[in-house]
Amino acid sequence: MEVEEGDEGHTVEISSENSGPTRSRSEDDYFEGEGEHEDEDIIIGDDDNKNKNKKKRKKYHRHTADQIREMEALFKESPHPDEKQRQQLSKQLGLAPRQVKFWFQNRRTQIKAIQERHENSLLKTEIEKLKEKNKGLRDTINKACCPNCGVPTTTRDGAAMPTEEQQLRIENAKLKAEVDKLRGALSKYGGSAAAAASSTSPSSSSGGGGHEQENIRSSLDFYTGIFGVDKSRIMDTVSKAMEELIKMATMGEPLWLRSVETGREILNYDEYIKHFAPETSSSSSSSTKRSIIEASRDTALVFVDLPRLLQIFQDANQWKEMFPCLISKAATVDVICNGEGSNRDGAVQLMFAEVQMLTPMVGTREVYFVRYSKQLSAEQWAFIDVSIDKVEDNIDASLVKCRKRPSGCIIEDKSNGHCKVTWVEHLESQKSPVPTMYRTIVNSGMAFGARHWLTTLQLQCERLVFFMATNVPMKDSLGVATLAGRKSILKLAQRMTWGFCHAIGASSFHTWTKVTSKTGEDIRISSRKNLNDPGEPLGLILCAVSSVWLPVSPNVLFDFLRDETRRTEWDIMCSGGSVQSIANLGKGQDRGNAVTIQTIKSKENSMWIVQDCCTNAFESMVVYAPVDITGIQSVMTGCDSSNLAILPSGFSIVHDGMESRPMVITSRQEEKNTEGGSLFTIAFQILTNASPTAKLTMESVDSVNTLLSCTLRNIRTSLQCEDG
């Protein structure tokens, strides 16, 4: 039986009746059906069936190795070749166009079958885990005794003893055992873990930095130390994880298959299981909740030298600052091994991170993992992140929402200020509710996948290079006379964007209250008090955020919002006034990556605004804040910008994930033709009261509600998507 995909994506079943044993064929076999040249075999039956039993024996042709190789090469570039490509390939290989067409149809069908088998395999594994867990729970209930007094906790008929005293005794015994375990761990490691956590707790450059540091310390106090886990076992685990990561980063097909629909690489779990044993891939036997597995890989050149990258990945503070849109919290919980030499080759550290999207609608992912830094050769380094089961067993299960299978990156020094980075993300996370419009991008693995991490790294490294450059062309440094002034403004813009990313995520730093906007969208409201941070206005600060879907491509939306000539179409602060650019500083190869200073002039007053625009192949941001005119003028001359109070507002733009063709972008102009819409987050921060003791009022909430609703309505009207 032959299964072939029709022109419209349907599968057609072709059976060969009475023609001998059924033969299993791959896409390398070509079936020559009716309409082609055939060998006929006439079978003579009795007189009644004489005219019915003409049977045709079909011919099968196996393609040569050269033909298969050529068709495979084209398939990687174009899984759906058009008629012209098929004609050209058929002439080149000496095949009929129909043969080429059927080969590509069968190849696509084969990849889809592999993906379906992978999904079935995951479901079977999940069912087996649930069965084993259920059996274990039953055995535990039947055999349970109080560890303190030895009295059975169940009656003869299997019913649990209902007495409150019995429950208290069991809980007391558990607490004593936990205290003994912690005492043993702390005495073994001499409190070095607490010191490490204290010294590496991240400090925020935005408002409330002290409060953030306090929160991280309190949340990590319980987890300091490695809880008695043997060091040799951890080293063995990370060594196996490194071997797996190297294979995951370097192997091609059949381990990784390119998706026909999206062009992204898909991990073939049938092949994955063949190559990696369960213990090597660190599959968690203690996971009791239903989870999903995400795997992704991407490769790119990064404009930064190797020593700087090593420094970034080995320091939790710098690592967090390099990925402001992805990491809301990060800390080194314990240093297991310091490594050797100035580059800390072989360093191992237990880390914690909270990973986010730039919207309060999608929950964060909290993950504990061990990071292993290893030099592979003179030009290559590897950073491996992997979760350790024994460590997680001692962490409150309610906090462990995500765990890392061997993940990380291979970094290769290109000796010209560039590094080639191959990034692999392999995660196992608990299933959680996701809003409908974010379901595609989250469930596909794109939201927290390798492409998002790598494009963010590229963007931040470019920003760092442009910040340090002394030979910036004049077209990328308009309106600022000195290098010192340029650096001060870029530093201010970076602090502004960090503060924006910190303010609008779903991190546990914030408590969001949902209200309904005047146009029907959901708005999240959060407030905080700034008591002593000079980088923000002192007093009560209100933040309002709303995320919507717009039927506009991300780059059309980004170009509209950053265009100063169209600012009056959406910005209520303009109030019919005019907008003029005072300075424009490039901070990346893409012209969309720039910092501008604009002045808004109206009949009533004049206002200066600093605007930071960031864009890459995954995500774009436009962040802006009104500034004190005298203060920003001094910053433009090179004065320190850290004490200039700013309160950033702005927009985050992400592709909605509904793509009809591969998202392989060589330029932003190409992506404008990509079908699909944008996931658009709009956020405003306002100072409601200069007194730190003031309380939030409904008038303030209503005011920011009006501001957000009107801005969103103006954007929809200008882009002609009122019904989006």
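Each Cβ is built from the backbone N, Cα and C atoms, and glycine gets one as well.
Quantities reported herein were computed from a predicted structural model and do not represent experimental measurements.
TrEMBL lists region 'Disordered' for one of the ranges 105-126, 193-214, namely 193-214. Confidence for the domain 'Homeobox' (54-114), expressed as mean pLDDT, is 81.
Residue counts for the domain 'Homeobox' (54-114) under DSSP (helix as H, G, I; strand as E, B; rest coil) come to 42 helix, 8 strand, 11 coil.
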